[in-house]
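Would you mind keeping the following structure in view while I ask a few things?
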Amino acid sequence: MSVRIEHDTFGEIEVPGDKYWGAQTERSKRNFPVGKERMPIEVVYGFAQLKRGAALANHELGKLSDAKKDAIVYACDLILKGELDEHFPLVVWQTGSGTQSNMNVNEVVSFVANKYLKEQGIDESIHPNDDVNKSQSSNDTFPTAMHVALYHEVETKLEPALKHLRDTFKEKEDKYQSIIKIGRTHLQDATPIKLGQEISGWRYMLDKCEELLAESKKHILSLAIGGTAVGTGINAHPEFGNKVAKFISENTGYNFVSSENKFHALTSHDEVVQLHGTLKALAADLMKIANDIRWLASGPRAGLAEISIPENEPGSSIMPGKVNPTQCEMLTMVAVQVMGNDTTVGIASSQGNFELNVFKPVILHNTLQSIYLLADGMQTFNDNCAVGIEPIEENINNYLNQSLMLVTALNPHIGYEKAAQIAKKAHKEGLTLKESAIQSGHVTEEQFEEWIKPEDMVDPH
């Protein structure tokens with residue numbers, strides 16, 4: 001393998017000849033052979049948006065020549081097209097400020113930009129620190145790239161998947177408004193409910209999560225850029241942060257702004273904690289929904305079996321013909337992982353000692369993982385399970401007709417205690433509710449038929 005010699009303030013080091021990174025990236029590769037979790041490419045794209053905006057801002061402020069600005073923008077655009085992904089090899093488990101990933105981007109951008117200048121016959125050279133990282137510090141660039149990446153992934157991946165599943169439940173909700181089934185509380189029989197009403201609860205959970213997500217992602221639009229090392233903005237023009245935010249906004253279509261307090265932006269990640277809290281809320285709702293669906297689909301002959309769900313693959317290596325609710329199991333595992341990630345994000349975000357939080361990569365890694373798991377999980381759950389939910393009306397009607405909790409409709413007519421006696425007698429003696437009610441002497445057959453109407457119980461108003 002061919003190599004070339006690169007150098008940094010520690011001296012010279014060999015770098016693979018076909019790779020565009022430089023000395024600091026190579027040192028990080030050697031110093032941190034930890035785990036297999038690569039720094040997410042999405043944050044590299046966030047960095048590319050930032051470096052692009054920084055070049056335009058520095059140029060506008062008279063700190064960067066036309067040629068250097070054009071070369072840096074060219075290199076960043078190549079990164080954003082996904083053409084340079086192989087040149088970003090670093091793992092999550094590195095310095096807590098993300099300095100090495102910032103330098104990885106600086107080095108690749110400078111390498112590509114210098115090639116561009118040479119091809120254009122321009123006698124200038126671009127330095128990773130002095131030009132690509134001009135007016136910046138890893139301490140304000142990494143959190144900026146974090147926010148750019150997180151906002152984009154919520155906008156383009158999570159929200160569409162959430163809406164997709166929500167729309168499916170809305171369709172099922174409307175379709176099954178005429179099917180009346182027994183409700184359940186405490187895992188015990190309760191008063192009747194429409195299947196459409198039950199599904200409406202699931203749909204509304206996703207509506208609320210959509211609202212919470214829209215609110216929490218607003219705070220991710222605030223960028224740390226301009227704070228440089230400790231929030232004072234040393235070595236940066238006072239307008240640098242505002243200009244970079246403007247250029248990033250123009251290129252992404254999102255309304256990013258420069259944070260009004262850079263000291264906060266470097267040492268606190270409460271905006272991400274809030275965002276991940278919303279992800280946890282969504283995970284909790286998805287856990288509940290998936291559990292409800294697999295319980296309602298349990299069976300086929302010794303479970304509830306009120307609904308059927310698609311049969312996607314064999315469920316057992318030993319029991320022939322067995323089919324399992326695998327999509328529900330997948331989604332509940334996703335929910336558990338997201339809840340665990342929330343703990344990590346919360347603890348990591350509490351570690352902002354003095355002027356800098358140095359747990360940034362793990363905060364980013366866990367939050368992005370949660371976004372991807374939830375987005376992919378909802379999409380596949382929708383396509384392979386939710387769209388195929390169908391009622392098993394024979395079982396639904398049998399449970400409804402056998403339920404003792406229909407007795408609740410007698411409360412206004414004979415009182416709670418007499419109604420309770422009727423239900424207990426029916427259960428103890430194996431009677432139908434109607435038989436027990438008539439035997440009690442408190443209710444005639446005609447009154448029972450008039451008062452016990454499940455269709456009235458699901459729409460009492």
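In case you wondered, yes, glycine gets a Cβ from its N, Cα and C as well.
Checked Swiss-Prot, it gives:
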type	residues	note
ACT_SITE	H186	active site, proton donor/acceptor
ACT_SITE	S316	active site
BINDING	97-99, 127-130, 137-139, T185, S317, 322-324	substrate binding site
SITE	E329	site 'Important for catalytic activity'
Tell me, in order along the sequence, which binding-site residues from S97, T99, P128, K322, N324 have their CA within 10 Å of S316 (active site).
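The binding-site residues close to S316 (active site) (Cα within 10 Å), listed in sequence order, are K322, N324.
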How far is it from P128 (substrate binding site) to E329 (site 'Important for catalytic activity'), counting Cα to Cα, in Å?
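On Cα coordinates alone, these residues lie 47 Å apart.
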Write down the Cα-Cα distance for K322 (substrate binding site) and E329 (site 'Important for catalytic activity'), rounded and given in Å.
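E329 (site 'Important for catalytic activity') and K322 (substrate binding site) have their Cα atoms 15 Å apart.
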At the level of the C-alpha atoms, what whole-angstrom distance separates N324 (substrate binding site) and H186 (active site, proton donor/acceptor)?
24
What kind of secondary structure is T99 (substrate binding site) part of, going by DSSP in three states?
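The residue in question, T99 (substrate binding site), is helix (DSSP, three-state).
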Would you mind pulling the DSSP three-state label for D130 (substrate binding site)?
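Its secondary structure by DSSP: helix.
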How many Å separate the Cα atoms of D130 (substrate binding site) and H186 (active site, proton donor/acceptor)?
65
Sequence gap of 6 or more, Cβ distance under 8 Å: name the residues on the same chain that satisfy this around K322 (substrate binding site), in order along the sequence.
P314, G315, S316
Secondary structure at E329 (site 'Important for catalytic activity') (DSSP, helix/strand/coil)?
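Looking at the DSSP assignment, E329 (site 'Important for catalytic activity') belongs to a helix.
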Does anything in the same chain, at least 6 positions from S138 (substrate binding site), have a Cβ under 8 Å from its Cβ, and if so what?
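Looking at Cβ-Cβ distances below 8 Å from S138 (substrate binding site), excluding near sequence neighbours, one finds S97, G98, T99, N102, M103.
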Counting across all protein chains shown, how many other Cβ atoms sit within 10 Å of the Cβ of T99 (substrate binding site)?
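I count 19 other Cβ atoms within 10 Å of it.
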